[in-house]
Amino acid sequence: MKCLRWRSNRHRFYMFLACASLFLLCKHYSSPNEKADEENEYLIPVDEHEKEKKIECEPPGAVESKCTVDNGKAMRCWKDEEEVYFPTSYLKKRFDMTGKFGKDGSTFELYTSYAKMRTPESIYEPLGPFGHFATYSVETRDRVRYVPMSTQWDPTPYYYPIQIAQYGLQHYNSNSNKTEDKREVLVGVKSNEWKGAAGMHETTERLFFNDEEKGKVVNISAGYALANAGAYVYLDKSPDLHVVSFDWKPYDGNASFTVLAKMKQDDLLVLINYVFSEGNGKCVWQEEERSYDDDTIVQKPKKDGQVSYSYSYTGSSQYGEWSKVTRDILVDVSRALSSGDNRKKDDNVILHPGDIRLVSLGFRGQLTVKQQINQRVEQHSHAFRSAADWMIQNQDKKGGWAVPVERSIADRKLVLEPGWHSAMAQGHGISVLTRAYKYFNDTKYLLSAMQALELFKTNSSEGGVRAEFFGNVWYEEYPTTPVSNLKMCRRYGWFDEIRTFLPTLWLILAPLILSPLLFFGQEGKCTFVILTMSCYWVAEVVPLAVTSFIPMIALPFLGIVSIKQVAPKYFADTNIVFFNSLMLSLAVEECQLHKRIALKLLTYVGTRPHWLMAGFMIITSFISLWISDTACCALMAPIAYALLEEIMIPKMKKAKNDELVEDKAFDDETEENMQMYDATCGSCFFDWWNWNYKLNWTQSDFQR
């Protein structure tokens, strides 16, 4: 018996010796080089001119070339020896991508999507924080030039309700998630803090007296020209106090005020003028000056390290009435620098606290100012209230907030005429108003929110936001007729339904289509069975194991062969070998033997590739001495998988942690994060109704 076993395993033993010999030869010739590399790792002298040599050997950089895109449209591009490079501006527009330079200014980050999946930090409450809006920064979006004005779909700024609501929710969340910084400084309280223009032709009158409503005030009468310094007061130099607030009463449209700020980086002085002016359709513009012949108008250049911009200011009250002004100068300076006519369209300047410091606040024209200028760190409460008040003041008779510009979709196949309403705007608006009612305890916000619900009952074809999708109520941001998202969802919906029923259809249709073969004798019947099995096998309409048993049923049923002839074929030696091999492999996995073998192998040979290959070959050769090659392959498959799992999982975890760190750093920046409709027209709408139902209040109760 021993002799017979030796003869049967002799060729396997010879194969094992051959593999071992090849491994030793490979190890012999590769080890000296590796050892030399290890020894010379710290002994090779550093060549000081190594970088220069590398530069000489590197291929030349990309050179500018001419390219054509989209049916012959000429465009600049760059090419090197291997690649062709297109401008990022083209890629952004063509493939809907975004990108920006990193904080270091040397690395450009390209994103195919700015959407992010965020895990809710707590259970959503209709009156609590709204999603992750605390990470928003509406003021710094490139299409926002002046909150609440937008240039998203029209170069002329217009009021965009969604943007205004998101602005309010952003500041509400910021105020809710942390304690608002209450630091503030009062300036201008003393009369001697108010200065006047020093020029010969720049007379400024300042009259100090006590007002019954506001207390100490100063009445100012100065020239309205922006070149006139007017009456001004020096502000606190702390870089954190960039929010300025004051009460004033302008008597006509010539009144204005100016904030002078100084950039920390280059000591550039930035004049921000707030004037009652239409601005030729602009929200913010760089100041212009006329030439001596008064025929041409040119922008004022940076003169003596100073640049001047003007904002079109719209007061919240009529002339001759008191109103409160609160401006975040940090945002206004960044918007002004981003909106200069000499800048490119995609330039978007974002300033951070500490980048500027305020110098002075000046007034011109006929006006009265309270002698109390507040400088603060934040303005969350004021910004939130301003957004809520705008919602009330601009709500139309239908209860909505109309968008005053045209919106076209899909190459103008779907067009929304000016005055359309958005379900997202309605949802955001209700979210702002309900939270304003909670925060300020004023019923006017709640009444406005209840009125906004009416558009959810009105069809989009009638100026509302309601639509239907497969018999269900459907709300969307752009309520076109027909529904834009509905057309897309119908395509995907029908496709999904067809794909769901396709296996069932294929299960029935395949035999029916092939049934004519049954009338061509035994050969036709056999062909029918083979083709039916092929269709089932390719489409996987039923499990493959079930398909494999079709001949056992179909062949005897069609009278091709008897069951006694078919059944033994399923128990052939080859099939049993495969079956037993797979059973053995499953048994090894069930008892975790494959992991123990893999760990033992790593203990002996380590993680170097050539040693791993050697250990794997030794185990395979040893096991194949005692069982069949098929069973050996089936057994080694889970061992190889476990071996790779033990090696790769730590590396994958490290890579995942690095990715999470990068994602955390990315989230810390103020990025625009698009929210799902659940947070706008879904949970906001129905949670508000649940909250209102708990209070059991109605509009008639408030009217009474």
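Here the Cβ of each residue, glycine as well, is placed from N, Cα and C on the backbone.
Feature annotations, courtesy of TrEMBL:
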DOMAIN    216-366  domain 'D-glucuronyl C5-epimerase beta-sandwich'
DOMAIN    395-482  domain 'D-glucuronyl C5-epimerase C-terminal'
SIGNAL    1-32  signal peptide
TRANSMEM  501-520  transmembrane segment
TRANSMEM  541-563  transmembrane segment
TRANSMEM  611-644  transmembrane segment
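Over the domain 'D-glucuronyl C5-epimerase beta-sandwich' (216-366) the predicted model carries a mean pLDDT of 80. Nonlocal intrachain contacts for the transmembrane segment (541-563), taken as residues 6+ away from its ends with a CB within less than 8 angstroms of a stretch CB, comprise 503-504, 506-507, 510, 518, 522, 525-526, 528-529, 532-533, 535, 570. DSSP labels the residues of the domain 'D-glucuronyl C5-epimerase C-terminal' (395-482) in these numbers: 36 helix, 16 strand, 36 coil.
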